[in-house]
Structures are given as structure tokens and as C-alpha cells.
Amino acid sequence: MGKQNDDQADHEMGNFEENSGKYIKAFYNKTWMERYGEHIPAETVTLLWSITVSIFSIGGLIGALSVSFIIKALGRKGTLLLNNGFAVIAALLLSLGEKSSSFEMLIIGRLIMGVDSGIALSALPMYLGEISPRHIRGSIGQFNSILICLGVFAGQVLGLPELLGQESRWNFLFSFLALPAVLQLCVLPFLPESPRYLLMEKRDEAGAEKAFQRFLGKKDVSQELEEVHAEARAQDNLHIVSVLQLLKNPAVRWQLITIIVTMACYQLCGLNAIWYYTNGILREAGFADNLLPYITLSTGAIETLAAITSGLVIERIGRKPLLIFGFSSMAVFFSLLTVFLNFQDSVSWMPYLSYICILAVIASFCSGPGGIPFILTGELFEQSYRPAAFMIAGTVNWLSNFTVGLLFPFIQELLQAFAFLVFVGVCTLGSIYLYVVLPETKNKTFMDISQSFAKINKMPNPSLGQEMELVLSIKPDTNGKAQDVTKTESSF
């Protein structure tokens, strides 16, 4: 599951530019000399570097757009297994590009790694959400964010000058991308497919029962099976809907709007832009360039610590409070950072406050916004809508990522230190929307969550036929009293 080592490569663009970037540009120049007998023009190396960085987002978009088709054909587990192939191929291209004197291999490798990330960021949260009992679904879902942060931190450590952060070793750094993929190829085949997928889409009740038994560690899983049956009955002739059908369906309109808003805020909240300033602020504080890689390790450590903390408290506090707290805190610290940046040249100790604000922004992001949007995408939609919902969420995610990378340099040039006020507005508006619209989803079944949107979607109450189906799903207990098995005993 830990293949997200490169899922936030653009999230680290500032560090990538400072460290590996200069070596890769030197490689581009060396290769150009070998091919054409002259130094590469400055505008050409800038173009190649821009393509190398931005094509990751293009690959992510391709992966997000294709994931629902792959999942329909191969299932959740099969999609994740196939996706490891993309990671291994990308690692080979990226690590062997220098040996082959081919910068095209680096660019194609980044593209394929983006495809891998686009698929993983949809298929993995979907799989984790469907195999997790509802009382720990949020905590399990946060593993996605925790592993991303661990990947970022591992990349920072491996990129230190004493390890692989040298001109003669930078290409070996990319080979580590294959390790999580190989690990998953060794472990995932022994894990069951999503029982909800097996029962609702493949109609394999025996397989679903065995999967539930293995995941829950108990023999009697009749209550879990009954809950999934009840959800299937409530959806009437279950079939996987297309993106167009999802967009047209008024029953899920506000779930869809909520996911689009949340995923857009996830990318447009300004975290990626932080890296444009981090090293400059540290230099202003008087730190030598050779110390910067070690000091910036604190950013990866803060990310990981905040993500782990969020995973520990999410089932107590809930998704909604953590999201609102995260975005609101980011708005506050971005505002303070704007003030500190404007006084940075006149007050000697102001850069230290600016760096503290950067760490606070990172911690605020990882406390909720860094992982919960992917959890919500799986929770707000029932089985038939889920693949299309993840495709839309992934598309919004990668388009927003590309937009930030494309526009922020121009925003920064125009607004200078006031550029972060744009993100203050995004975070504030996102917090207000989530406060007004988003219901709490912790410890609720997928049917409960869908029903909580019925009023805002202006949908009627269940029909008589649906009510009869619910009655049939209620059986008497040992005392002869009616008992709703889908709500009182089921783990899911």
C-alpha cells in the first residue's frame, strides 16, 4: 500500500528544484552535448525541465480518467496489482535514463509514475473504505495520507548529500520507487478482494463471505452480508453508473458538489506553493545552503506526525471537524505568514516566525485536508456510484494540481508576499461550505450517509416497496422482538 512515495512529487517541487533539479539539468546539458555537439540553449533546458515536472500531473489525470474502467474489469485488488507494473516500469525508466543518455526516458518515466499515482489515489481509498468496519473506517483510510507523508520524508532523507543527493548518485534515488510496488506484489495476492465488490457487483456470495471472515477474523458474518444485501436492495437493480449518469442524477447532486469542492480545496489550498518560499525563508534566516536539506527534514517530520495524529483521533473527533479545523488553521497561518514576509527584510528574527508558520500550515493540512477528501469520496457514495465518483474526484484533483503549478509563479510575481492571501480565501470559503453542507460520516453505514443528503437533494422518502424491503431485512431476536440487523450488529 505504500506506493505513494511519489504521489506528492509536485508537492515537493521546491525541494526537488533545489536538490535533484540541478543535477537533472546538468544531465540534460551533457546529453545535448553528446547528441548535437553544443551546449543546450537556456530556454530549451527550461522547457525540458518544465515538461519533466508538469507531466506528472498529466499522468495523474490519465490515471484518474482510466481508473473506473480498470476497476470494472479487474476489481479493486486486481487494479492495485496491475498498477504496481506501472510503478516498476516508471522506476526503471527514471533510474536508467542517465545510463542510457536519454532525457526522454526521464520524461516518460514521470508520466507513467503519474498514471500510477492517479490510479492508486482512487483505487486504494476505495479498497480501504470497502474492507474497513465502519467504526475504524476513517483511521484505516488515513493510512493513505500517512504513507504519502512517510514517502515524502523518506525521499528527503535519501536525498541528503551523504546518501543519494549527489551528482553521481541522483539516478539511484528513483530506483526506490520500485520497492513499495514489489512489496505490494508480494503481499496483496494473499489478501481478499473487497467483499462489497464481490457480493454487489460479482454476485459471489460465497467469496464475499470468505472475504468478510478473513478481514474481520470471525466465522459468523451474516450481519455484514445482510447489510450489503440491504444496500443492494435499496439501490434497485444495481448497476455501475457512468460519469454522465452520475452527473445527471439529482439523488447524489450535493454529494458530488461536496466532493468537487473538497478535492479542489485539497489542491488549491496553497500547500504546494509553500515550497516556493521555504528555502528562501531559511536563507533569509541566515542558514547556510549546506544546512538546508537537514533543516527541511522538519517539514517531512511534521507532515508525518500530523497525519498519524489525525489517524488516531479521526474516529473520536470526526471527519467534518478535522476538515474545518485544517482549512481554517491554514487560513490563519497563511495570513500570519503574509504579515511576516512583508516585515522579513526589516526585522532580523522575522524569518524564523515565517518558517514556524510554514510548519504550522503543513501540520494543519495533514491534520485533516491531507487525507480526508479521499475517505469522503468513498463514504458519500453507494456502491454503484463509487467508481464514477472517484473518477470525477481524481480529475478535479489533478486538474487543480496542474493549475497551481501553472499559475502560482505568475501570482507570486504579481502579488509578491501577498500571494498567500489567495489561499486564505480558498481555505476560508472551503471551511464555510463544509460547515454548512457536509454531514458527519463517522461510524455510519453507506446507506445512512446517503440518506443524510436526501433533504438537501430534495429527494422523497422511501417508497412503500423500499419500506417493505427494509421490513424484510428486520428479523426477530431471541426474545421475539424486532431487531434491525443492518444497524445494530453489523460492523460495516
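A Cβ is built for glycine as well, from the same backbone N, Cα and C atoms used for every other residue.
Features reported for this protein in TrEMBL:
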DOMAIN    1-442  domain 'Major facilitator superfamily (MFS) profile'
TRANSMEM  47-71  transmembrane segment
TRANSMEM  78-96  transmembrane segment
TRANSMEM  108-128  transmembrane segment
TRANSMEM  140-160  transmembrane segment
TRANSMEM  172-191  transmembrane segment
TRANSMEM  256-277  transmembrane segment
TRANSMEM  292-314  transmembrane segment
TRANSMEM  321-340  transmembrane segment
TRANSMEM  352-376  transmembrane segment
TRANSMEM  388-411  transmembrane segment
TRANSMEM  417-438  transmembrane segment
For the transmembrane segment (388-411), sequence-distant contacts whose Cβ falls under 8 Å of one of its Cβ atoms, 6 or more beyond its ends: 10, 13, 53-54, 57-58, 60-61, 63-65, 67-68, 118, 121-123, 125-126, 240-243, 245-247, 252, 255-256, 259-260, 263-264, 266-268, 270, 272-273, 276, 373-374, 377-378, 380-381, 419, 422
Feature contact check the transmembrane segment (47-71) with the transmembrane segment (352-376), CB under 8 Å, 3 or more pairs: no
Any contact, the transmembrane segment (140-160) to the transmembrane segment (256-277), with at least 3 Cβ pairs under 8 A: no
